[in-house]
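Have a look at the structure below before the remarks.
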Amino acid sequence: MQYGDKTTFKQSLAIQGRVINALLMREIITRYGRQNIGFFWLFVEPLLMTFFIVMMWKFIRADKFSTLNMIAFVMTGYPMAMMWRNASNRAIGSISANLSLLYHRNVRVLDTIFTRVLLEVAGASIAQILFMAILVMIDWIDAPHDVFYMLIAWFLMAMFAFGLGLIICAIAQQFDVFGKIWGTLSFVLLPISGAFFFVHNLPAQAQSIALWFPMIHGTEMFRHGYFGDTVVTYESIGFLVVSDLALLLLGLVMVKNFSKGVEPQ
């Protein structure tokens, strides 16, 4: 193919795949290095954090306060919340860390954001699968009731993480101070993510307010898949899908608008 020739959709897709793969490898090496366990930190990092939380709940004997398996309760809420929180935090620095690469005509601003969010989602997903499998094998938690329903919930929340990451990155690009305080703001959002409560246990008025937050629907859905009919959940798949698509569309528009003013350095 000669320079300047138009590419087919298949060729463009192949080029895009190579760009994302190269950015992923660069991000992994830059963040984790080539020595020791290297890229394995990608999922070891979230796994260790989740392990710490689970052990804390285990040794304070949280099961004394509920008939529900509290380790399973934590595992079906906290890791998912950390996925979208970490993804949005990492998205903020994606452009500044890759400015020099924007000289390449096939590398776009959107690619750098997508790569970082994809890395966080992949790491959180691997850690979640491994840790839940280990906990089931050592009989600390029961096997999930509906794995497929859980996978759908996780996928929809991964979409939420991408959309949120695009929006947060776009805002931080326009207002530098926002990028510095988002880490704190996202931490404050954790209590309303649904990670630490069931909507069913809230007062009726609080339930109606809580169900306006998309991440609560994702958590409720994930827990419904794990616990089955032993718990009462209030997820709306339709609301979560519409919210994800709205965030993605808004995020893409915002990134497109500010990308025009980003100059390689």
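Counting begins at 1 with the first residue displayed.
Backbone N, Cα and C define each Cβ position, glycine as well.
Copied from Swiss-Prot, the annotated features are:
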TRANSMEM  37-57  transmembrane segment
DOMAIN    37-258  domain 'ABC transmembrane type-2'
TRANSMEM  64-84  transmembrane segment
TRANSMEM  118-138  transmembrane segment
TRANSMEM  151-171  transmembrane segment
TRANSMEM  178-198  transmembrane segment
TRANSMEM  235-255  transmembrane segment
*Among 64-84, 118-138, 151-171, 178-198, point out the range having the most Cβ pairs under 8 angstroms from the transmembrane segment (235-255).*
151-171
_Need a quick answer: max count of Cβ pairs under 8 Å to the transmembrane segment (178-198), which of 64-84, 118-138, 151-171 is it?_
64-84
